[in-house]
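S.K.: What follows is a single structure, and I will ask about it in a moment.
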């Protein structure tokens with residue numbers, strides 16, 4: 001595994017760590033560059049950890065991602081590409097029409113130590129010149145790469161970032177970045193969220209300052225400056241007094257405008273608070289959710305039950321509720337469940353029930369509070385599903401499972417368990433993989449989304 005090495009590139013590398021079946025390598029010198037190498041349009045691309053494949057043509061990025069999903073499905077999921085039906089199961093990756101300015105949320109960090117590339121390390125920096133606002137340099141928790149513009153976020157968000165960069169280091173404002181070593185300083189994070197006004201369709205922006213203390217008077221000059229930008233309709237302050245690096249505060253205050261912004265998805269309106277989970281690429285989420293709806297195959301006569309696992313703020317379940325009898329959603333994050341209830345009420349959806357609970361810690365009683373579902377939607381985070389949940393699903397035997405994954409490796413593992421079982425634990429698989437659809441949600445990054453349709457095998461004991 002080599003950071004910043006492109007698929008198909010030949011290079012000389014130095015092994016830095018060995019771990020069982022793989023090694024980690026640092027690239028020393030390129031021998032033969034990738035044939036689809038391009039100039040990255042972002043000046044920070046060589047150093048930033050976000051867009052690691054900007055220097056690879058988008059068509060080549062798609063091929064590499066599709067190949068990665070295919071290989072993981074075969075080697076981790078234990079599905080054979082020799083059988084004729086494999087070609088119909090493995091679908092071509094769905095590209096993203098917009099490769100830049102697609103993110104509706106970006107989180108930047110304030111830092112007391114600015115990260116510099118090797119060629120600039122000799123330059124002496126004193127006082128506020130050492131301060132940075134940007135993204136953590138890869139491999140450093142205490143150094144921040146200063147960023148004036150990010151090509152992944154909206155133009156109004158870049159206007160806000162530039163306005164804050166223009167003045168926050170001014171000594172007259174007495175603003176200090178948080179130091180992760182001494183645990184002193186005021187400014188921790190800057191979160192920018194972009195939504196849309198439901199009535200006008202125009203962009204609207206939420207700015208969230210995460211600070212170590214509640215001192216609104218210190219933020220007043222920044223609030224006055226950025227509130228003059230027309231798209232800014234909300235300025236929030238999350239106060240996080242802990243020494244951790246999280247951007248979620250124990251207390252939240254509205255400094256300007258309203259406390260939420262709105263977004264439209266599949267004909268529904270969603271209110272987004274500072275700490276809400278929402279699909280980061282709204283436009284591609286429309287594509288993703290349409291594919292999920294197609295896989296779910298609801299008859300639309302209001303007779304089917306949907307179980308929505310890892311439901312987040314209810315976005316998937318609520319888009320399916322219009323064609324279902326009832327949707328039951330489960331999620332561990334209390335704030336997400338509160339948002340799901342609010343979103344259901346906002347869209348006048350009464351046939352959706354959302355419950356807070358940890359799906360990694362279910363017991364024998366799980367399943368007693370809802371009828372047997374016709375369709376299960378499972379959208380776990382990167383670690384995938386816990387074995388307890390796998391066993392529950394194999395015992396439940398719902399006719400159809402739609403598995404939505406942000407990690408093809410754990411997805412392939414879980415598909416193997418659900419379809420082939422786990423012999424060493426005497427667990428028998430019960431499902432047949434009918435389709436696997438990769439979707440590119442985040443161009444220029446290694447992240448891949450997959451939608452997998454599983455149907456109950458017949459006969460199934």
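Note that Cβ sites are derived from N, Cα and C of the backbone, with glycine treated the same way.
Keep in mind that this is a model prediction, so the values were computed, not measured.
Okay, so TrEMBL annotates it like this:
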- 406: active site, nucleophile (ACT_SITE)
- 279, 310, 331, 379: S-adenosyl-L-methionine binding site (BINDING)
S.K.: If we count other C-beta atoms within 10 Å, could you say which of the binding-site residues 331, 379 has the fewest?
M.R.: 379
S.K.: Which residues of the same chain, at least 6 positions away in sequence, have a Cβ lying under 8 Å from the Cβ of residue 310 (S-adenosyl-L-methionine binding site)?
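M.R.: Listed in sequence order, they are 330, 331, 359, 378, 379, 380, 381.
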S.K.: What whole-number value in Å do you get for the largest C-alpha pair distance within 279, 310, 331, 379, the residues recorded as binding S-adenosyl-L-methionine?
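M.R.: Pairwise Cα check on 279, 310, 331, 379 gives a maximum of 16 Å.
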S.K.: Show, in sequence order, which residues other than 279, 310, 331, 379 on the same chain lie with their Cβ within 8 Å of the centre of the Cβ atoms of the S-adenosyl-L-methionine site.
M.R.: 277, 308, 311, 312, 313, 315, 316, 380, 404
